[in-house]
Amino acid sequence: MGTALVQHGGCCLLCLSLLLLGCWAELGSGLEFPGAEGQWTRFPKWNACCESEMSFQLKTRSARGLVLYFDDEGFCDFLELILTRGGRLQLSFSIFCAEPATLLADTPVNDGAWHSVRIRRQFRNTTLYIDRAEAKWVEVKSKRRDMTVFSGLFVGGLPPELRAAALKLTLASVREREPFKGWIRDVRVNSSQALPVDGSEVKLDEEPPNSGGGSPCEAGDEGDGGVCLNGGVCSVVDDQAVCDCSRTGFRGKDCSQEDNNVEGLAHLMMGDQGKSKEDNNVEGLAHLMMGDQGKEEYIATFKGSEYFCYDLSQNPIQSSSDEITLSFKTLQRNGLMLHTGKSADYVNLALKNGAVSLVINLGSGAFEALVEPVNGKFNDNAWHDVKVTRNLRQHSGIGHAMVNKLHCSVTISVDGILTTTGYTQEDYTMLGSDDFFYVGGSPSTADLPGSPVSNNFMGCLKEVVYKNNDVRLELSRLAKQGDPKMKIHGVVAFKCENVATLDPITFETPESFISLPKWNAKKTGSISFDFRTTEPNGLILFSHGKPRHQKDAKHPQMIKVDFFAIEMLDGHLYLLLDMGSGTIKIKALQKKVNDGEWYHVDFQRDGRSGTISVNTLRTPYTAPGESEILDLDDELYLGGLPENKAGLVFPTEVWTALLNYGYVGCIRDLFIDGQSKDIRQMAEIQSTAGVKPSCSRETAKPCLSNPCKNNGMCRDGWNRYVCDCSGTGYLGRSCEREATVLSYDGSMFMKIQLPVVMHTEAEDVSLRFRSQRAYGILMATTSRDSADTLRLELDAGRVKLTVNLDCIRINCNSSKGPETLFAGYNLNDNEWHTVRVVRRGKSLKLTVDDQQAMTGQMAGDHTRLEFHNIETGIITERRYLSSVPSNFIGHLQSLTFNGMAYIDLCKNGDIDYCELNARFGFRNIIADPVTFKTKSSYVALATLQAYTSMHLFFQFKTTSLDGLILYNSGDGNDFIVVELVKGYLHYVFDLGNGANLIKGSSNKPLNDNQWHNVMISRDTSNLHTVKIDTKITTQITAGARNLDLKSDLYIGGVAKETYKSLPKLVHAKEGFQGCLASVDLNGRLPDLISDALFCNGQIERGCEGPSTTCQEDSCSNQGVCLQQWDGFSCDCSMTSFSGPLCNDPGTTYIFSKGGGQITHKWPPNDRPSTRADRLAIGFSTVQKEAVLVRVDSSSGLGDYLELHIHQGKIGVKFNVGTDDIAIEESNAIINDGKYHVVRFTRSGGNATLQVDSWPVIERYPAGNNDNERLAIARQRIPYRLGRVVDEWLLDKGRQLTIFNSQATIIIGGKEQGQPFQGQLSGLYYNGLKVLNMAAENDANIAIVGNVRLVGEVPSSMTTESTATAMQSEMSTSIMETTTTLATSTARRGKPPTKEPISQTTDDILVASAECPSDDEDIDPCEPSSGGLANPTRVGGREPYPGSAEVIRESSSTTGMVVGIVAAAALCILILLYAMYKYRNRDEGSYHVDESRNYISNSAQSNGAVVKEKQPSSAKSANKNKKNKDKEYYV
């Protein structure tokens, strides 16, 4: 079989018991290291961290080898002492992963003499002393000075399993070191003698007799193979070389004589039983010859329940030297082969995990040895021979008065491989037994003293013989011959038959399991099995007893059960046991056991005490309380639990049962009370799904094929893949099935009412949610009888986990109170987020999405969570709640609690204890909508609590441009306002150091009769956030951090008289008209009607919206329908018609023969400059040549626009600073006397022209378009300098875009020499209806020649409709961002009914390259854009030409421009100054100190550059009044 390894365990190796310390010292024994592969010895850990030393004596002739080694098990720190470089000692060590420090001794020590070696550790320094002649030290350059030590102190070599596990060795090169060859003795740590713990291939021997230091086995000429030839194995017995030739085919002292008749050991008889033990001529096994080749062999077959029992009571054994021989053949890994003795006087020989185990106790403690083959196992269905000898020896002590001591050497041999394993205690040399000799098994193998296994042998045993100086017991022969003292239990065949193997099975899924009969183990019992898996969790065995009620004086009845379980959690194996007086939970092994290797588990119990062992490591336990009876009444479940668990009671301590963790992996060799269980056959009988009758491990990793769909996370399991679908929104083995979504509107819930009350100590919870609210309950467990809860909720945009385990129903001291954890930020972003909670006892872990997990440890007296319900959306069980969390508005998905996907189980009807009114499917949530029917309607609520932070959320829907949505005032100047201004949302506030305005970001006005979501928040660091639908605006304010509000909170508006006293940054002059819903005030969900302190106006529940809506034909003649809350209106601007539906004739003038003219002149201080123009007019004529309308700029500028008829076709010419640009409809003849409508728009150099319903004619200048040229120009020079910039661009040859300083509109063409003759109607130009103004005798209109008004001026209703349309047109037309002049502030006071047209004109906005800068800016603008606006793109859409953009100009403009053109240098200076002054201005929000005169400074806050000399700020108010009429280019 090759070289064998001998491992030693228990508390005794080479006299290893602490009781033997004197034995080893008195004997003067050392450790002999033969230098064999696999040789090692381990001493207890030397804590060499700081100041410590160890010493030993060494004797060798070897030039290299590993002397000692220890480390921190694979991290940083280690210390190594080796022989190298001609037999010199070299020491290396490292601390904290520093560069290893090394020193090399000067003196060789491989001279065959004893040398004293001492190692002294002193923080970063280590000193090596050799004898008294040499001392060298070395220091490591480490940031840390203390060395960390985890491993034992290995001397002479390293265990093979440690060499194979490279990650467990800090110094990888130590694996390649040769083993030490020589002797080591007197190992001391800090002057105290150290005893070895275990080892292999190392012999305990006295000082070698030959002064040369060589072993007797090394004799012979140089170059020989030693004393033993032909592969014989040499060992030292009584200082003599003994050769074992049994496996060589040779015999003789040195295995030199060929002998083909040599056979195995079991059938050989002793040639001379009386031969003296003192005979120095004792040889090895090779001298044993067959006495009779035809002798009958005595063989028996054992199948797990059979055994022999020889009664020793008549003739007790009392021996000091004895021998046991037998042969075995089996496929089973574990089983008892032979046992005799009881209590502390016994011999046990067994097969343990495929190795031969020997345990001997003569009264001084157990001595154990384990023999394993190098390759494979002994359970290979081949014959193997075992021989055990125990000899009494006399040994000489050194340095003590008693020089002669007796001790016993124990030798075990398997297949002729002889190994001296050590000595028993000298004070106990006699084996005494008056009990029984058990062969092949026993009635209760687990209860035998020292038994390492719990099951009987399965296989064949041959020639089992025990002999000592006085007796020879051929046990196999006696059994077959029916000796009266030999009892045979079971049916034994006295021949070798094939024994059916216990085939392994594989549990392929967590749901698979096998039911075993009830385990009757009231007083004693044993279970053993092998398992193999790579999965971290799983319930392997479980059974419980009858439920019983445990009652104390304080609390209601509690259900308790006896139970037994073995489970895996996080790769560790646990034993759980409760016999009615308390639960024990034992970790069977400190290392993880899910590495895919086979592990043998052996559980044995006797009353309250017992052991659980994994492989060779045994852990004892003692159950608490007085009970010794384990009363199991239910079936014993293997691998998992049935799906229907209604009849089962799960103790809280069995976490895998409550977490639904079934075992996935292999099980084999299950023995219960020593009886084998054919689990493969049981699985077939029960037709269990997911159980396979074999065990193999697939080499390919399943996750390499990416089996998890929809971004599921894959983990390799045991021959399977495991998908984590928790963050995907899908379910199923491969995340292939979309998970159900539940929608909650704040009044909806889902409640799982569990059939029985649950008690758990471990939970796995995961869910996905999506919400725009910063507050709301996501999930909670609730109890009807206690305050216990595990609750997840949104709290200020974070996920808050609350776990409360109270003492109401637990006999404990007062509970500590709830534990809380927070994770995530800004989770109310209407995006899906995944939450995971893992609790294991007192350990908590909370994870949101892929962020770092938050962990915590619970305090308190217990870990049991009680609950009857799992609730979502609303908590209905509120009896023990001190405060009720806010209801949830949003969506939930994939709620999984301990493996149960409750939302989908509820939807599919798989559970019948589900109650809900939440709606399945993803739905838009509009919660509690309320309609404010009029602009004077509002409600008052309790004061908004937003002192340190704030989270507001609401939804609105309106068609109104303006309106106050929310207002709350406070102490001093503190206030908060949310309002709509020109369709855009403003958030205005004052924390005490001045008012601030933040404009919400949106691509278009929000008064589009669609629902919009608004979130406004302020955190403790004064970060303000405004989110409208998906667009976010943020700003940090300095100074005061608290919002101290005092008065009522007004929603929808305020009292009429209050508008006058609102802060200046607030535009609102009326309330909000439309719908509000889902109002969330810092976590409070008010009912706007029932919770109102008082209501005003018409407020109704629900939201029906406008009674009439815009249709395709709502407005005639291409009028534009504008949706209003109480109906709609028509914009008739570009139609030439009037009336509510654009079907009434517009104001019409007839120009008779001889010609006439209507002229409109702008006041000198009010002349507009525009980048875009819109012109529409209706006419009828038969003329081929005529001018209809002409617009001219101020004298000297030359800009113009002319609408004319040429050769019966309509066309337009214009010039805005360079060449004339013309556009014409060449396909339409319009001088046919019929009524035609022409529409013209211009944007820069681009223009469109349409006649009636003919296709629109578009004109774009050749080359780069104006917009591109404008963008290039504005990259370098902004348009703030107006005409100055135009002149600069003209010099550079670039196309201009501004129609400067418009002075007159001439209608009729008389001055141009081409008078128009015919009818003109409904003229519209950039917001002016000039013919209407002429009919109303406007002061700026002059009429000359043959011009006659037809009919009457449109009625007042028509005028109002027109005004409404004009106002709406100005607010909805697509234009550049603009800024209002300071002059509009003065004009705002004009009565609106007196001059409606003028008012509309005054509302025309000044074109600007930047966002607004004062509190009156009411135009759409991207806040915080930080750059120049694109003149042709607003809100991401390409506009059509024609938005009116107006710049006012004074009468002195012309002269000033001429002067500036002449002084180019002065222009450059002004340009640089303007760019420097305004380039870094914040455009997204505005702060105003209201203590100052804002109106007087508003012009300069526009960022305007004045074409005239600016008046000093120190001038009088009269000068300020005058300066308001200056022209500004913005």
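Quick reminder: no glycine exception, Cβ is built from N, Cα and C everywhere.
If you look up Swiss-Prot, you'll see 1-30 marked as signal peptide. Per Swiss-Prot, region 'Disordered' is recorded for 196-219, 1412-1443, 1497-1530. Annotation source Swiss-Prot lists disulfide bond at Cys228-Cys243, Cys245-Cys255, Cys460-Cys496, Cys666-Cys695, Cys703-Cys714, Cys708-Cys723, Cys725-Cys735, Cys906-Cys914, Cys1075-Cys1103, Cys1110-Cys1121, Cys1115-Cys1130, Cys1132-Cys1142. Taken from Swiss-Prot, the feature domain 'Laminin G-like 3' applies to 503-695. As annotated by Swiss-Prot, domain 'Laminin G-like 4' applies to 741-914, with the evidence given as sequence analysis. Among the features that Swiss-Prot reports, Ca(2+) 2 binding site is placed at Asp788, Leu805, Arg864, with the record citing similarity to another entry. Among the features that Swiss-Prot reports, domain 'Laminin G-like 5' is placed at 928-1103. According to Swiss-Prot, the domain 'Laminin G-like 6' annotation covers 1149-1347. For 1497-1523, the entry in Swiss-Prot reads region 'Interaction with CASK'.
Annotated features, which come from Swiss-Prot, shown on the structure.
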residue	record	Cβ contacts under 8 Å, 6 or more apart
Cys460	disulfide bond	Ile299, Ala300, Thr301, Phe302, Phe328, Lys329, Thr330, Cys496, Glu497, Val499
Cys703	disulfide bond	Cys714, Arg715, Asp716, Tyr721
Cys708	disulfide bond	Cys714, Tyr721, Cys723, Asp724, Cys725, Ser734, Cys735
Cys1110	disulfide bond	Cys1121, Leu1122, Gln1123, Phe1128
Cys1115	disulfide bond	Cys1121, Cys1130, Asp1131, Cys1132, Leu1141, Cys1142
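If you measure from the Cα atom of Cys243 (disulfide bond) to that of Arg864 (Ca(2+) 2 binding site), you get 66 Å. Taking Cα separation as the measure, Cys255 (disulfide bond) is nearest to Cys695 of the recorded positions Cys666, Cys695, Asp788, Cys906, Cys914.
The closest partner of Cys228 (disulfide bond) among the binding-site residues, by CA position, is Arg864; the full candidate set was Asp788, Leu805, Arg864. Taking only the Cα positions, the spacing between Cys245 (disulfide bond) and Cys914 (disulfide bond) is 78 angstrom. By neighbour count, meaning other C-beta atoms within 10 Å, the densest spot among the disulfide-bonded residues Cys735, Cys1142 is Cys1142.
A mean pLDDT of 83 is what the model gives for the domain 'Laminin G-like 6' (1149-1347). Neighbour density at the Cβ, taken as the number of other Cβ atoms within 10 Å, is lowest among the disulfide-bonded residues Cys243, Cys666, Cys906, Cys1121 for Cys1121. In this view, the densest Cβ surroundings among the disulfide-bonded residues Cys914, Cys1075 belong to Cys1075, judged by other Cβ atoms lying within 10 Å.
Ranking the binding-site residues Asp788, Leu805, Arg864 by Cα distance from Cys695 (disulfide bond) puts Arg864 first.
It is 34 Å from the Cα atom of Cys1075 (disulfide bond) to that of Cys906 (disulfide bond). Comparing the disulfide-bonded residues Cys255, Cys496, Cys714, Cys1132 by how many other C-beta atoms lie within 10 angstroms of each C-beta, the top residue is Cys1132. Checked against Arg864 (Ca(2+) 2 binding site), the disulfide-bonded residues Cys666, Cys906, Cys914, Cys1103 differ in C-alpha distance, with Cys914 being the nearest. Ranked by how many other Cβ atoms sit within 10 Å of their Cβ, the disulfide-bonded residues Cys245, Cys725, Cys1103 place Cys1103 at the bottom. With the fewest other Cβ atoms inside 10 Å of its Cβ, the least crowded of the recorded positions Cys228, Cys723, Leu805, Cys1130 in this structure is Cys723. If you take the Cα of Cys666 (disulfide bond) and the Cα of Cys906 (disulfide bond), they are about 34 angstrom apart, rounded to a whole number. Cα distances from Leu805 (Ca(2+) 2 binding site) to the disulfide-bonded residues Cys906, Cys914, Cys1103 are smallest for Cys914. Cys695 (disulfide bond): 19 other CB atoms within 10 A of its CB, across all protein chains.
Here the binding-site residues are Asp788, Arg864, and the one ringed by the most other CB atoms within 10 angstroms is Asp788. Under DSSP, Cys906 (disulfide bond) is assigned to a helix (H, G or I) in the three-state scheme.
The disulfide-bonded residues shown are Cys906, Cys914, Cys1103; of these, the one with its CA atom nearest the CA of Asp788 (Ca(2+) 2 binding site) is Cys914.
Cys906 (disulfide bond) sits 32 Å from Cys1103 (disulfide bond), taking the Cα positions as reference.
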